[in-house]
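Peer 1: Below, the features straight out of TrEMBL:
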type	residues	note
COMPBIAS	1-18	compositional bias 'Pro residues'
REGION	1-46	region 'Disordered'
TRANSMEM	77-94	transmembrane segment
TRANSMEM	106-132	transmembrane segment
TRANSMEM	185-206	transmembrane segment
TRANSMEM	241-263	transmembrane segment
TRANSMEM	269-291	transmembrane segment
TRANSMEM	303-324	transmembrane segment
TRANSMEM	344-366	transmembrane segment
């Protein structure tokens, strides 16, 4: 039947070859392939932009070095800030206890602040008084030290050691240098308290902010539960470590003072205070605490007193700090001995003597932020934790 004038002619058949491109609108690719997952490219590149793991490690290491250098350069500010943070965490149980007893939050924060300030002022006054007495005591032993050096020279000469070798060794021995190092270290530690006003202001504001921190942390847990859980575990572990270390430090210090009194060692309360402070220093704190009273025992009463001081300190340290304390504090630390020592070296370089004292709490803070907060990095805890310690601060 012929086509009418109003009827369009049928489409002509397409010639052989590839079909013409369809220019009609197409739905978005995401809608067409909804729910489908394309395999990653063969060359190993991800669908989204990312860096190779080696580059990420290098960038992270560079960032850590820059951060450490910055903290070292501003240690006069960073040190008091970290000290105020750790002290705020340490007295938080007292503040929460008062609030549960019906005390208003701002009054509880004020009481905690007064307690911390009293402890800081007492410690600073004791250090200042002891350093003043040490400065007047050291010159009186100069002649005794010289006689001791001569006795050592004669003893070595009888053993066939030449005078040149003896002279080189003994030239390095100087009473002023030996005990002056301790005095310098204690002076630097006392210098932290020169910023006591700044520390008090920090403690006041941190104590006030701590009242609502629990509510803010609960709100943050809705969006970042890993970070909230890590910070909570860090606070609990740090509080437990500080409380137990303080209790055992006081016990060890009191026992040391009693032993030093029995041995008639000069300035026993100074060395007891030193033993209490060095109790917070991991690995080498015991050595720092025993050397000064042992040297004074040698200068004051001879070699026998030196040996008795060393033996007494070793026994006390073994019983309290090597047997009893690690069984209680170990779960709160959860770090290997090597990592603990490296953290001591690192924080001691960054913040000085204060960093050595705060090495473990600051390492726990870094561990909580960098490892515990990220599920993809928690496996590292198994590599850096102690053999019988937990993988997390909360024991999970």
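Quick reminder: no glycine exception, Cβ is built from N, Cα and C everywhere.
Caution: TrEMBL annotation is automatic and unverified by curators.
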Peer 1: Do the transmembrane segment (303-324) and the transmembrane segment (269-291) come together with 3 or more C-beta pairs under 8 Å, pairs six or more apart in sequence?
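Peer 2: Between the transmembrane segment (269-291) and the transmembrane segment (303-324), which are separate recorded stretches, there is contact, as judged by 3 or more close Cβ pairs.
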Peer 1: I'm a bit unsure how to read this: which one of 77-94, 106-132, 241-263, 344-366 has the highest number of Cβ pairs shorter than 8 Å with the transmembrane segment (269-291)?
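Peer 2: Stretch with maximum Cβ contacts: 241-263.
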Peer 1: Can you tell me which of 77-94, 106-132, 241-263 gets the most C-beta pairs within less than 8 Å of the transmembrane segment (344-366)?
Peer 2: 77-94
Peer 1: Residues of the same chain, at least six outside the transmembrane segment (77-94), with any C-beta under 8 angstroms of its C-beta?
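Peer 2: The answer is 71, 108, 111-112, 115-116, 192, 195, 198-199, 202-203, 206-207, 210, 235, 238-239, 242-243, 350-352, 354-355, 358, 361-362.
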